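In what follows, a single structure is set out as structure tokens and then discussed.
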Amino acid sequence: MNGVEVPAKIQKRIERLRQEINDHNYRYYVLSQPTIPDSVYDELFHELQKLEKKYPETITPSSPTQRVGAEPLKVFEPVHHEIPMLSLDNVFDEKGLRAFDKRIRQRLKLDKPFEYVCEPKMDGVALSLLYENGELIRAATRGDGYTGENVTQNTRTIASVPLQLRGNDYPELVEIRGEVLMPREGFAKFNREAEKRGDKTFANPRNAASGSLRQLDPRITAKRPLIFYGYLIGLLKGKDFPKNHCDVLKWFKDWGIPVISEIKVVGGIEGCLDYYEHLVKTREKMPFDIDGIVIKVNSLQVQAELGFVSRAPRWAIAYKFPAQEKMTVVKAIEFQVGRTGAVTPVARLEPVSVSGVTVSNATLHNFDELYRKDVRVGDTVIVRRAGDVIPEVVGPILAKRPKKAKLIKIPSRCPVCHAEVIKPEGEAVARCVGGLYCRAQLRESIKHFASRRALDIEGLGDKLVELFIQEKLIKDITGIYQLKKSAITALPRMGEKSAENLLTAIEKSKKTTLPRFLYALGIRGVGDTTARTLARHFHELDLLMKASIETLQEIRDIGPVAAENIHAFFHQKHNAELINKLIHLGVHWPQEKAVVKSEIAGKTFVLTGALKSLTREEAEEKIERSGGKATSSVSKNTDYVIVGENPGSKYEKAKALGISLIDEEAFLKLLKSKGVF
């Protein structure tokens, strides 16, 4: 009230109301033990709103009334995950689960069973909540695991997410990871009301949760019945990790973070199997969709020892429920061509609803599968959503097969570019050999070429790529570097500023590195790690392009299949011409230096926190060029952890495991002393 002091009695009442509302939220969402009816809760909330409106100087960011009110966003800002938000590996039967347990015990050299934590696998949207001194400062989606989207404004509208952690025993900085869900009851009610208004409905609760969280206007998200459950800690600063994962979940409850009540600590894999059988029988009684169980090693020390492999932890697995199945008819079998030339048969089906999703197309995986299952046009088939996600054809019902059911043959020519289709002996996949020249492979090739780990062309997204191809502005990947401002501004929703920004990003991408360029080419089986291996070995692109299969096979980590793929790619005339044209258009990179023998060679490094002089990717590239290996997670196999500003939980894990810690200055000295920097 413009300089008028707030009466002490009013200030006290406001603080009391906030405390009561937060306590009732805690009892409702965390304890599932509400003590007042909704009408009384609403009265308390409205009283607080009125007082804060009258005395706006009393409003704080963590007040329960401040969940909604921000202006709509124009775009979601990207968020880099200090610790990658990795997905889990899946198993679909008891054999797979026992193999997971066996791998762990062999790695740890243990014969006896040990503790696991079992929990329902929620079918929602992964979310990261970052709290500083107990206050929610950021919420981000998983994205690709490394970069997500900032959805803080929308997340603040979810009533089960505390804006301020309870108590005072929380760390200086903590990242709480979990899942955003839309309960079945809320989903059904939302769709009923949407139908009445003539608005779009959602196919299933997961799509509804995802769509609600990614609304640019938080006022829309606020109207959606979303709930959050925590299940993991990411970053942690100012507090030591507890002994076990179940202790982390107790922290969450104490701080006011909802945790699923069906979580159970079990002894050995037999306990996991019992838990799975119990949840199979009771899953429909749960208020939200689940699609399996998640099994985690309970000991955090053992988790750190096991570490990660590829994009998943070794210490956790998802055991999926059997997929739901329905019958329908195959109307046609068509062919799709992927980025690496794989020609995949796809069944076009009479639309059928499976697990709440309308399915009209289903993968047949490859021609070996097609013939093994003996699926024909006209067949009545069983369709299921594999892992409750990807639709696939299980097989035909032979008793219903019509006399004119048509068997499909492998095409001899690509249905798009008419290049030869080959199916090597012993391989299940048939492939178009057209490479970068194939128009069907063009769209995915361009998206891959422009991706963050490749040439990193900011602003060249999926929709824009589609538009450029549709308007015939890009006929192959070299077309990216021949785009004109006048042609771009002539397109819908592309003004001068947008065109200038895109052209600037394209120009910037011309200066790259050999590993990035090799990865960008999309050679089958050549990921960013293999690309770095090839660049370190050959140093020059010309030498790599001329290498024989035998020479390639001599390189560590390059097997016979990868060697054949690399050799075949560079010996396709179209591919060689496109590479030369890209170089002629200005794509260039510094010559790769030979790996110098140093303290870095043969060592495994992990980075945590922000470096002042280098980006994370630049630091990783320099480590690789020096013969070292850069990984994203700390394990007992890590040699050094490079500690930057505001280090995360990797720092704490490294200390616990006794791993050598070096700061940025020491790391730079290592590089400079060997002429790498």
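Heads up, the Cβ atoms here are built off N, Cα and C, so glycines get one too.
The active site, N6-AMP-lysine intermediate annotation in Swiss-Prot covers Lys121. DSSP assigns Lys121 (active site, N6-AMP-lysine intermediate) to a strand. Within 10 Å of the C-beta of Lys121 (active site, N6-AMP-lysine intermediate) there are 22 other C-beta atoms, taking all protein chains into account.
According to its DSSP assignment, Asp42 (NAD(+) binding site) is helical. Taking all protein chains in view, 11 other C-beta atoms sit within 10 angstroms of the C-beta of Asp42 (NAD(+) binding site). Annotation comment: Swiss-Prot describes Asp38, Ser39, Val40, Tyr41, Asp42, Ser87, Leu88, Glu119, Arg142, Glu179, Lys296, Lys320 as NAD(+) binding site, evidence class sequence analysis.
What Swiss-Prot records for Cys414, Cys417, Cys432, Cys438 is Zn(2+) binding site. Cys417 (Zn(2+) binding site) falls within neither a helix nor a strand when secondary structure is assigned with DSSP, and so counts as coil. Taking a C-beta cut-off of under 8 angstroms and a sequence separation of 6 or more, Cys417 (Zn(2+) binding site) has the following same-chain neighbours: Cys432, Gly434, Tyr437, Cys438, Arg439, Ala440.
Per Swiss-Prot, domain 'BRCT' is recorded for 595-677. If you average pLDDT over the domain 'BRCT' (595-677) in this model, you get 79.
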Rounded Cα-Cα span from Lys121 (active site, N6-AMP-lysine intermediate) to Asp42 (NAD(+) binding site), Å: 33
Remaining residues near the recorded Zn(2+) site, that is with C-beta within 8 Å of the centroid of the site residues Cys414, Cys417, Cys432, Cys438: Val337, Gly341, Pro415, Val416, His418, Ala419, Val421, Val433, Gly434, Tyr437, Arg439, Ala440, Gln441
Secondary-structure category, per DSSP, in which Cys432 (Zn(2+) binding site) falls: strand
Cys414 (Zn(2+) binding site) and Lys296 (NAD(+) binding site), Cα-Cα, nearest whole angstrom: 45
Set of same-chain residues at least 6 away whose C-beta sits under 8 angstroms from Val40 (NAD(+) binding site): none
Densest Cβ neighbourhood among Leu88, Cys432, Cys438 (binding-site residues), 10 Å radius: Cys432
